[in-house]
Every structure is written in C-alpha cells, then in structure tokens.
Amino acid sequence: MGLEKSLILFPLFVLLLGWVQPSLGKESSAQKFERQHMDSSGSSNNSPTYCNQMMKSRSMTKESCKPVNTFVHEPLEDVQAICSQENVTCKNGNRNCYKSSSALHITDCHLKGNSKYPNCNYNTNQYQKHIIVACDGNPYVPVHLDATV
C-alpha cells in the first residue's frame, strides 16, 4: 500500500516542482532596481574606483560591461516615496514615471572609452540631481531609473 501511494504522489510532486521552480530565485523588477541603483550606505566618497567596485559587486559586468549606471545614496523609503510625487512622461512615452521633489545624492558611472569586457573600467562622478523613476506593482515601487535631471 505504501509503495502504491508513493508511485502516485511522486509524479504529482515532480509536476508541482516543475510549476513552482521557475519562480524560485527570479529577481523581481523592484529587486533589480534596488540591486542596480540603490546604495543607501553613503556616497562614493570621491573614490575613483567606486564605480568599478560597485558595478562588479552588483553583477553589472558579468557578461558584458554595462555602459552607464546611476547609484542613489538615499534611504530606500525616500526613493520609494517618489512614486507618489510629480507624475511625468517616461522616455518611452509611458505615464508611470515620477520625478523626485528634491535633488538627491547620486553617483554616475560611465564606461571609459578604451574599456573592454572583462576589464570594465568606469569614470565616477558625484552629483545632486532630481531623479525620474518608473513605478509599478503593488505596492507601487520604483522598477526603473528613467533619468536624472
């Protein structure tokens, strides 16, 4: 009797695992935004190697060198609050973008012209600028950094 039950339950278990497994470990758009753009711990401290270190540690140089990226040095809650601020049109024409009401501390990383994968080298520049983020989901949170202004 126990073997019959196992033979019936095992295929169901395999079917269930095949259905659930694809969602396991998949990064959400909000998680990707946090990984690629949030560095609440502080600023780049004028370190010329900040972008090289951060781009590598945040997995943006694994298969190629991401050409441009911006890190935001503000609390996550403050950046999430932008989703309830001034609604603006996104670069792609969508209407789910929002502009920060104040300038934020950011670091721009630009790939140096002579840099080639796997040796990704970046210029590091600090600014205080407004950011524009695309928001989505429930809760409504940033999923894309659209621009800095």
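Note that Cβ sites are derived from N, Cα and C of the backbone, with glycine treated the same way.
According to Swiss-Prot, the signal peptide annotation covers 1-25.
Annotation comment: Swiss-Prot describes 30-49 as region 'Disordered'.
According to DSSP, ARG35 (substrate binding site) sits within a helical segment. Summarising the annotation, Swiss-Prot assigns substrate binding site to LYS32, ARG35, LYS66, PRO67, VAL68, ASN69, THR70, LYS91.
As annotated by Swiss-Prot, active site, proton acceptor applies to HIS37, with the evidence given as similarity to another entry.
The disulfide bond annotation in Swiss-Prot covers CYS51-CYS109 (among others). The Cβ of CYS109 (disulfide bond) has TYR50, CYS51, MET54, MET55, VAL68, ASN69, THR70, PHE71, TYR122, ASN123, THR124 as same-chain neighbours under 8 Å, each 6 or more residues away in sequence. According to DSSP, CYS109 (disulfide bond) sits within a strand segment.
Around the Cβ of CYS120 (disulfide bond), 21 further Cβ atoms fall within 10 Å across all displayed protein chains. Per Swiss-Prot, disulfide bond is recorded for CYS65-CYS120 (among others).
The disulfide bond annotation in Swiss-Prot covers CYS83-CYS135 (among others) and is backed by similarity to another entry. In the three-state DSSP scheme, CYS135 (disulfide bond) falls into the strand class. A sphere of 10 angstroms centred on the C-beta of CYS135 (disulfide bond) encloses 21 other C-beta atoms.
Within 10 Å of the C-beta atom of ASN87 (N-linked glycosylation site) sit 12 other C-beta atoms, taking all shown protein chains into account. The N-linked glycosylation site annotation in Swiss-Prot covers ASN87 and is backed by sequence analysis.
The disulfide bond annotation in Swiss-Prot covers CYS90-CYS97 (among others). The Cβ of CYS97 (disulfide bond) has 23 other Cβ atoms within 10 Å, all protein chains considered.
Counting only same-chain residues six or more apart in sequence, the Cβ atoms lying under 8 angstroms from the Cβ of LYS91 (substrate binding site) belong to ASP146, ALA147. Cβ neighbours of LYS66 (substrate binding site) (same chain, under 8 Å, six or more residues apart in sequence): MET55, MET60, LEU111, CYS120. A Cα-Cα distance of 22 Å separates LYS32 (substrate binding site) from ASN87 (N-linked glycosylation site).
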